[in-house]
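Below: one structure, written as structure tokens.
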Amino acid sequence: MNWHAVKRQLNGWAILSFLAILLIVLPGVVVLVELFAPVNENWQHIQEYLLPRYVRNTLFIMLATGLLTTVIGTSLAWFVTVYDFPFRRFFKWALILPLAIPPYIGAYTYHGILNYTGVIQTTLRNQFGITVDQSYFNIMSIQGTVFIFTLFLYPYIYTITRAFLHNQSSSMIENARILGRGSWDIFFTVVIPISRVAIIGGVSLVLMEVLNDYGVVKYFGIQTFSTAIFSTWFGMKDTSSALKLAGTLMILVIAILTMERLVRGRKQFSYASTKVKPLKPRPLQGWHRYAVFAYVSIVFAIAFVIPFTQLTAWTFLTFDTVFTEEFWQLVWNTVRVAFIATVIILLFALIIANYTRLFPSNMTRVISKVTTLGYSIPGAAIAIAVITLFLWLDDKVLDMAKALDLSQTFVFRTTLIMLIFAYVIRFLAIGYNSIESGFEKVGKSFTEASRMLGWNTVQTFFRVDIPMIKGAIMSAFILVFIDIMKELPLTLFLQPFNFSTLATQAFKYVSDEKIHEAALASIVIVLMSGLLIFVSHKVLDKEAD
Amino acid sequence: MNKKYAALGISAALTTSLLAACASTDETTSNEGSDDSNVVNVYSSRHYDVDQQLYKQFEEETGIKVNVVEGKSDELLERLNTEGESTEADLFITADAGNLYQAKEAGHLQAVDSDELESNIPAKYRDTDNEWFGLTKRARVIVYSKDRVKPEELSTYEALTEEQWNGKVLVRPSENMYNISLLASFIEVNGVDEAKEWAKGLVNNMARDPQGNDRDQAKAVVAGEGDVAIMNTYYMGLMLNSEDEEEKKVAEELGVFFPNQDTTGTHVNISGIAMTKASKNTENAQKLMEFMSEPSAQEKFASVNYEYPVNESVEPNELLQSWGEFKEQDINLSVLGENQQEAIRIFNEVGWK
């Protein structure tokens with residue numbers, strides 16, 4: 001390829017990529033600029049009374065959740081891939097289902113189950129006359145927070161690690177078996193080292209979710225970094241200090257992401273052929289079989305069956321008051337806005353991922369890093385930046401309308417465009433990561449062959465690249481769609497007039513202390529997400545076979 | 001060639017989906033930009049079905065369409081801060097005088113001169129400059145275990161810091177606005193130092209680290225974690241009328257006590273309504289404000305949430321009447337906002353989580 005050709009190619013892909021990057025940089029800049037602004041008198045107070053406790057709590061939650069999700073996610077992935085036990089095929093996808101329950105919904109459901117009027121204590125009291133010590137049933141603690149995060153976030157690690165083990169580890173594990181290593185030995189000396197990239201990728205997703213969570217810690221009254229941002233912003237009315245906290249959080253997240261990239265960067269896993277030989281599960285003998293089955297069932301029950309059953313019961317309790325004609329409108333709003341935003345995100349992600357892949361340079365490396373930045377920007381900061389931008393935009397439109405003497409103007413802020421725009425900034429990283437790893441897996445050899453045989457990049461993109469990463473595109477779609485459906489802070493902040501989603505509806509009921517009424521909206525979110533997970537699993541499975 | 005088509009195709013797809021997105025909200029929002037349209041736009045932190053019914057009734061009576069953004073008070077306020085003069089909102093409905101005060105201080109509100117509002121709403125529940133108006137009121141009271149506490153043992157908020165209540169008091173975390181306003185009122189009534197002493201004393205007497213919401217405090221009393229809790233009156237109403245039998249049982253085991261009857265009075269707060277300075281539909285907005293203060297609307301608006309109506313010609317809900325009348329704190333509610341920052345600092349300093 002000569003220089004001219006490169007230059008010409010850069011134009012189309014590069015311009016679109018830069019455009020997308022610009023969107024993401026914008027709120028990031030708003031936050032980072034504030035980091036260097038002089039401190040005010042509140043900052044002193046925050047440093048003295050709040051920061052030590054907030055930092056301690058946040059670090060504890062991160063460490064404990066990271067550790068527990070790793071243990072649970074990795075062990076489940078290992079059992080499901082390597083051994084055969086009753087209902088293995090069912091658990092293979094069912095273990096992803098807890099991802100369908102947003103942690104804040106899990107949090108209020110578990111609190112509802114365990115508190116004084118919850119089903120457990122009520123049964124003990126009314127049937128057996130036992131009144132228990134409340135502290136044993138108290139979930140609104142820092143340990144309870146870790147419990148909730150672990151239950152509903154471990155699937156990130158499980159999914160990524162399982163896919164890796166299933167596709168890439170067969171030869172190594174089989175060789176180790178032939179060489180006479182025992183299962184434990186293989187797990188610690190072979191599986192953990194070779195899948196560390198996948199595990200770390202999963203853990204970094206978990207940690208970012210934890211850092212940015214607002215619903216769980218707010219409901220439980222645990223003081224963490226993200227509650228600090230909001231209480232400084234809303235409580236102390238100090239936007240400047242709030243943005244400083246947000247900036248600090250952002251740097252922390254960027255550090256996590258960079259670490260993940262460093263670990264991943266050194267190793268490139270790509271298929272030598274399109275057919276990979278998956279690992280054949282080995283039947284378990286004796287009590288091992290039941291021990292594994294019991295372990296897997298217990299995790300699944302606690303992380304999905306129990307909360308789901310409780311939500312169902314509450315839904316029946318309140319169905320008549322909560323289910324109105326407007327409820328369909330909520331469902332439609334949720335699906336519509338999530339669908340549009342997801343499609344836009346995937347288009348951007350495909351363009352950027354293809355661009356950075358085909359034209360590797362320092363610049364594209366920067367672009368690739370920046371793309372994942374949106375995930376690191378606290379929701380509050382995205383909201384401020386987006387509103388500021390649209391105020392400016394509406395102002396310009398108004399000026400134009402005046403100049404043209406139009407009686408009516410168009411106000412962007414009263415439309416869904418603003419909200420969708422914010423979703424794109426927030427979730428582009430998720431779509432991009434899946435698609436990028438899809439591209440990484442297929443490598444460049446097929447694309448290069450296609451180019452050699454005379455198709456240009458665009459023809460190759462549509463006829464070779466996209467069909468090859470169909471699976472990755474679909475999982476990206478589903479991940480992003482589910483995330484948007486669950487999203488809370490941005491939706492609350494940027495919703496236009498007469499617009500609610502299932503998530504905001506559930507949250508409104510919960511914040512009015514009407515837990516039972518929130519169940520219907522919650523369960524619809526869970527069912528729709530669950531269905532998507534099921535469909536994607538079936539399709540991906542078929543593809544793998 | 002192909003590349004151009006692809007780029008075109010992608011931009012076309014983007015534009016179409018964006019247009020689709022806004023077209024679908026068009027019916028309600030297209031005419032908000034003009035001055036004389038027949039709408040009123042509301043930012044509301046209340047989310048009750050009755051509110052929707054009242055808006056609908058207002059629409060039928062006046063032909064003015066009510067558009068609503070429902071959200072939490074903090075977010076809506078921050079949205080007003082960011083939007084400033086270009087906000088599309090005409091009215092702001094929120095709980096807590098502290099929030100209304102913040103909106104006023106930030107210059108988002110305008111005075112409304114209306115005889116009807118002034119005759120319907122007593123002066124102490126209105127802003128001194130008529131920039132906001134109370135619609136409902138609620139009291140922050142002491143609830144106690146009927147088993148373990150005799151009402152005669154209770155007297156004032158201040159008495160809860162005494163030795164007798166060590167390890168027996170339940171209250172939610174300090175980030176909650178109801179607590180911030182409660183302490184803000186004490187700063188006004190008793191001065192900063194005494195207010196801080198009170199907060200310190202209460203932290204000392206707490207049965208557990210503050211956690212959960214108001215209902216959780218009630219449950220904890222019945223569960224025996226503590227003997228008394230500080231909570232808002234309407235939660236008692238909501239629990240007594242819950243679909244959940246167990247919640248009813250909890251509420252039935254609790255008594256409601258209005259503290260400080262012989263001294264400074266029980267802390268009362270409001271939910272209220274205000275017109276934004278940037279309102280483009282001021283006439284419609286004022287009509288809706290007046291409508292909400294009328295007896296027929298007041299009755300529904302207050303009783304759905306077991307709150308007291310501000311309009312004195314309207315009787316409160318039967319349950320509230322059964323608790324009897326009580327002496328209220330005699331302060332202008334604006335001070336709840338004025339002392340808010342101080343209250344937050346005190347909470348942080350005394351370690352009230």
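Even glycines carry a Cβ here, placed using N, Cα and C.
Annotated domain 'ABC transmembrane type-1' per TrEMBL: A:55-258, A:331-536, in sequence order. The transmembrane segment feature in TrEMBL is assigned to A:12-37, A:58-81, A:93-114, A:135-157, A:186-207, A:219-236, A:242-259, A:290-317, A:337-358, A:370-392, A:412-435, A:515-535.
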**Other parts of the chain folded back onto the transmembrane segment (A:135-157), taken as Cβ under 8 Å at six or more residues beyond its ends** = 57, 60-61, 64-65, 68-70, 72-74, 76-77, 95-99, 101-103, 106-107, 110-111, 114-116, 118, 120-121, 199, 202-203, 205-206, 209-210, 213, 216-217, 219-222, 299, 302-303
**Request:** Output the single range from A:219-236, A:242-259, A:370-392, A:515-535 maximising the number of Cβ pairs under 8 Å to the transmembrane segment (A:186-207).
**Result:** A:242-259
**Fill in**
Ranked by Cβ pairs within a distance under 8 Å of the transmembrane segment (A:290-317), the first of A:58-81, A:93-114, A:219-236, A:242-259 is A:93-114
**Recorded stretch, among A:12-37, A:58-81, A:219-236, A:242-259, maximising Cβ pairs under 8 Å relative to the transmembrane segment (A:93-114)** = A:219-236
**Request:** Residue list, the transmembrane segment (A:58-81) vs rest of chain: Cβ under 8 Å, 6 or more residues beyond ends.
**Result:** 88, 91-92, 95, 142, 145-146, 149-150, 153-158, 161-162, 165-166, 169, 187, 191-192, 195, 199, 202-203, 206-207, 210-211, 222, 224-225, 279, 281, 292, 295-296, 299
